[in-house]
Amino acid sequence: ASCRALMNCSLPHRVLLGSLMEGQRDRLCLQSLWDFVTTQEPLIKSPFFPVLFSFTAYMAFCLPYIALDFLSIRLPDLRKYKIQPQNYPSLGMMVPCIIQSVYHHVVLIFPVTFLHWYWRPMHLPVMAPELPEVLLQVAVCLLLFDFEYFLWHLLHHKVPWLYKTFHKVHHKHVSTFALTTQYSSVWELLSLGFFAAINPLLLGCHPLTEMIFFLVNIGLSVEDHSGYDLPWSTHRLVPFGLYGGAPHHDLHHLKFKSNYAPYFTHWDKLFGTFMESHSN
Ligand SMILES: [Zn+2]
Ligand SMILES: [Zn+2]
C-alpha cells in the first residue's frame, strides 16, 4: 500500500515519503535490538547495571587479547603481530591488573554510578533511534572524548606534580597488554569516566546510542593497549592515517613524550607532539 501511495503522489511528496520510509527502515533495523534490550528493563534500571555493564564489557574486550598473549608466545605466526615481540606479559603481571580493576569497580565506579542512578533515573523510550543518528552521535562522542583526554593527558605529562601524583601509575608498563588499559589512578579513572559520560548527555543521545558509545569506547581503549597490530586493527580501517590506534599509543608508553591523543592523530599533529609508528 505504501508503494502505491508513493507512485500516486507528486515528485516532492514522493521524495518526502521515500525519505520517511527510509527513516522508518533505519529505525526498524535498530528497533528489534532496542525491543530486546528493553525486555531486560529490570536489569537495566537496577543500580548495579552500569557497574556490571562496564566491568563485563571491559573483561569481554580483554579476553581475546589475553588468549592471544598465551597463544602467540608459542606460535611464531601470531607473534609477528605483537608490537613489542620481545616483551610478553606473565600471569603474575596480569593478576594485579585484574585485582585493581575489580577493586576500582566496587569501591569507585559503583558508588559514582549509584549516585548518578539516584539523581537521574534512566528513562527507556519506546522507539529506537535511527541508524544514521546513532553513527553520527557515536563518532562525535568519540571525537569529543579524544579531545578531552588529549588535553587532560598533555597537562598530566607537562606538569611534573600532576604526572607523579595521578598519571605515573598508568605508565608502570612500558610494554602494554590489554589488562593495563584501566590500570591507573583513581583520579585518572574518574576523569575518563566523566569525559565518557558527559558527551552523550551533552548531545542528548538515546540510551541505546549511549550504550553503543560506551562499548565502542571501551573496545577501542583496550585495543590501544593490546600490544597487537592486527590486520583488522582500527587504524588500518580508517583512511589517511587519521586514526593512530594501538601502534600510536604503544609508542606513547614506550617514549613518553608524544602521541597524547588516545585515538585520532589530528591533535598531536596540530600540537607538534605526533610521532609516526612503524606500521603507519
Ligand atoms: Zn601518558
Ligand atoms: Zn595508556
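Residue numbers in this text run from 1 along the chain shown.
Glycine residues also receive a Cβ, built from the backbone N, Cα and C atoms like all the rest.
Automatic prediction, not curation, is the source of TrEMBL annotations.
Keep in mind it's a predicted model, so treat the numbers as computed, not measured.
The domain 'Fatty acid hydroxylase' annotation in TrEMBL covers 138-273.
Residues or ranges marked as transmembrane segment in TrEMBL: 48-71 (among others).
The annotation transmembrane segment is assigned in TrEMBL to 91-114 (among others). For the transmembrane segment (91-114), same-chain residues at least 6 beyond its ends with a Cβ under 8 Å from one of its own Cβ atoms are 47-48, 50-51, 54-55, 58, 66, 173, 177, 179-180, 182-183, 186, 189-190, 193.
Under 8 Å from some Cβ of the transmembrane segment (134-155) lie the Cβ atoms of residues 30, 162, 167, 191-192, 195-196, 199-200, 202-203, 205-206, 208-209, 212-213, 216-217, 220, 260-264, 267-268, 271, 273, all in the same chain and six or more residues away from its ends. Taken from TrEMBL, the feature transmembrane segment covers 134-155 (among others).
Helix, strand and coil counts under DSSP for the domain 'Fatty acid hydroxylase' (138-273) come to 97 helix, 3 strand, 36 coil.
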